[in-house]
Amino acid sequence: MNSGKDLAARSRAAVWHPCTQMARLDAVPPLPIARGEGPWLIDTEGRRYFDANSSWWVNLFGHADAGLAEAIAHQARTLPHVMLAGCTHAPAVELAERLSARTGGALGHAFFGSDGASATEIALKMSAHYWRNLGQPQKCEFIALAGGYHGETLGALSVTDVAIFRDAYAPLLRATHLAPALHEAGALAAIEAKLLELKGRCAAVIVEPLIQGASGMRMHGPEALRELRALCTRYGAHLIADEIAVGCGRTGTFFAWEQVSTASWPDFVLLSKGITGGTLPLSLVLTTDTVFEAFLSPEVARGFLHSHSYTGNAIACAAANEVLRRMEAVLPTLPAQAKHLREAFAPLLADPRVEAGRQTGMVLAFDVRAEVAGERFAETFHLVARAHELLIRPIGRSVYLMPPYVIDAPTAQWLAQQVRATLDEVCPR
Ligand SMILES: *Cc1c(COP(=O)(O)O)cnc(C)c1O
């Protein structure tokens, strides 16, 4: 039996869902999704839901995309996977070359990981190992920003500052130096003070450019990042730009960093999530000639030491290459798509129940005021939204839309109308 009820019950028994209090699964049963079609997810009973959060920010062109399916099928029939040590293959080479070209060659070396958290791990290790190779092993501390999110494996969690993900595991984590987030006043002075205090022991500063995602879509402008780049250079620390969520067009440009500078890049840029358009797990750590060359040596131990079985998986790389091909046509349409969202949501952002309306490219967010949100706001909003054909999961009181790049004016209007209807039901005026 594969009826929806049956699937949800079997899921509760056998599948341990992520980011979920399993004791609440009866109150919030998982949607039994049978298939996807464009931005729509269709459940086993034939009901549809607009995937307003792009399935945790990974989807770009809609679900079950024919071009991506074809690229994946073709690669699966040709060469699904081969180890990337001792062998290489065209999909990996092409992907690395394409991404290098997008940075004008500034980040010409790509290391492959399996998911976002592993990209963070790789960048932290690579940064510290770089300094060690330069005879500065004391440079192995990291500065992370308040509210930053970089994944949940132990190393990545060490530089993540989201209490709900971190508190239970705090005893397992390496100490990290926390500075204020870039949208906070005085952040840059505080980061500089930390760099001074660390007296040359800071290997790298890690940041989510333009939008801090997991802590509730907190946004800052490119100017702060320009200054942060200069600070890192001045104090001899690497800058790691975690574009796992904001890369692949999410902010309106392929890399969020393009809005900061196309001349002065971070030392590391991390990509994952959208890079395969929501089809397969893959991540990349892009870095510079300077970093790359510090690892060249006759000694194996001076080389970068990080291996995982599926590194550079050919099917995932083929999907990513298809995403990059498609982005050529999609990128120019993003400003208009973002404008449709802005116009459709303008009345809602002016609603007295709502505050801190904000938008960067294809991410639009607002907070529901504390006094109207009520208990279990995020869960209630998510449940009520289902009845309005929306799949949406607020973060605390922050409601956000991060849809696939398929937004025209009527779709944006429809989304705004459904979000308002949900809000009216959850927080009646
Ligand atoms: C999602 C995310 C990660 C972690 O990626 P996973 O694939 O979930 O491990 C890291 N950094 C940012 C900014 C993210 O949004």
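For all residues, glycine too, the Cβ spot is worked out from N, Cα and C.
Remember, TrEMBL labels are computer predictions, not curated facts.
Since the structure is predicted, the reported quantities are computational estimates derived from the model, not experimental observations.
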Recorded substrate site member, picked from ARG369, ARG376, ARG386, ARG393, that accompanies TRP56, TYR149, LYS273, SER307 in TrEMBL: ARG393
Recorded pyridoxal 5'-phosphate site member, picked from ASP43, ASP51, ASP242, that accompanies GLY116, ALA117, HIS308, SER309 in TrEMBL: ASP242
Subset of binding-site residues (GLY116, ASP242, HIS308, SER309) lying within 10 A of LYS273 (substrate binding site), CA to CA, in sequence order: GLY116
Entries of GLY116, SER307, HIS308, ARG393 (binding-site residues) sitting next to ligand 1, with Cβ under 6 Å as the cut-off: GLY116
Extent of the pyridoxal 5'-phosphate binding site in Å [max Cα distance among GLY116, ALA117, ASP242, HIS308, SER309]: 23
Nonlocal residues around HIS308 (pyridoxal 5'-phosphate binding site), in sequence order (Cβ under 8 Å, 6 or more apart): GLY113, SER114, SER118
